[in-house]
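Q: Shown below is the structure under consideration.
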Amino acid sequence: MSKKLKAAIIGPGNIGTDLVMKMLRSEWIEPVWMVGIDPESDGLKRAREFGLKTTAEGVDGLLPHVLEDDIRIAFDATSAYVHAENSRKLNELGVLMVDLTPAAIGPYCVPPVNLKQHVGTLEMNVNMVTCGGQATIPMVAAVSRVQPVAYGEIVATVSSRSIGPGTRKNIDEFTRTTAGAIEQVGGAKEGKAIIVVNPAEPPLMMRDTIHCLTETEPDQDAITASVHAMIAEVQKYVPGYRLKNGPVFDGNRVSIFMEVEGLGDYLPKYAGNLDIMTAAALRTGEMFAEEIASGTIQLPRREAALA
């Protein structure tokens, strides 16, 4: 029996296509289905070229095939507005859901900070926050594990060309979801998130600024060491995650300046915001697959599959 979990990707846009390209190299996840709503979409055509089965009838077009193709995990890269219904339909069939939209109906997952907690409990839906969240929350957590953080603020700057229509429709959800995760995962008592979409040509690489206000005077050596250790953890799945400057200390304010370069799988390397999202989502799926293969956690039983 293959150790790979068979996967469906919902949403054939920038994120979904990049995810497929990464999955094709994965030892733990096998992409089988790509789900879209437009029969003419480039993303569905590309998925077929990669050898995936496709449907243009949304998740409803996938449901009849879930059991026969043994789909065990789905990655939703559509929109916050449709995710809840997609997740409900697939969870009912025993499919784990990794949510790459800002819907956040499941618990937030930022792999280097809290992935292990989720895997131990087999959450049926985990939310990958946002690209800005994946890039910045590890840094907030790096500070808050040293000493309490009263306030965390992040500014994610991404190139206009790297974000598709789904992300543009979800800007408000992006800021709310990221701010919530700065608090719940990052450990700040209060969080704020800002996204800047830069139309400059040639496109600029993703840049992220993280400001933390500590409750007491910052322990500069301990925070600096913690930040560097956390960067090394993120680089295990996003090699282009780099410290540009910092940590810079000004009174109780700690400022960290990051740059994220992508692998250039689907979009060029400037779209590090895509890469950090898809790489984190795949890392999450792979961790579930590893734990299932080792017998640490059990997949839900499927009555129909046993009949």
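Cβ atoms here come from the backbone N, Cα and C positions, even for glycine.
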Q: For the NAD(+) site that Swiss-Prot assigns to Ser162, Ile163, Gly164, Pro165, Gly166, Thr167, Arg168, Lys169, Asn170, which of the candidates Asn252, Asn273 is also assigned?
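A: Of Asn252, Asn273, Asn273 joins Ser162, Ile163, Gly164, Pro165, Gly166, Thr167, Arg168, Lys169, Asn170 in the NAD(+) site that Swiss-Prot records.
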Q: Within 10 Å of the Cβ of Ser162 (NAD(+) binding site), how many other Cβ atoms can be counted across all chains shown?
A: 24
Q: Could you work out which of the binding-site residues (Gly164, Gly166, Arg168) has its C-beta surrounded by the smallest number of other C-beta atoms within 10 A?
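A: Per-residue Cβ counts within 10 Å for the binding-site residues Gly164, Gly166, Arg168 bottom out at Arg168.
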Q: Would you kindly give the Cα-Cα distance separating Cys131 (active site, acyl-thioester intermediate) and Gly164 (NAD(+) binding site), rounded to the nearest Å?
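A: Per the Cα atoms, Gly164 (NAD(+) binding site) and Cys131 (active site, acyl-thioester intermediate) stand 13 Å apart.
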Q: Under 8 Å between C-beta atoms and at least six apart in sequence, can you list the same-chain neighbours of Cys131 (active site, acyl-thioester intermediate), or say none if there are none?
A: Ala156, Val158, Met206, Asn273, Leu274, Ile276, Met277
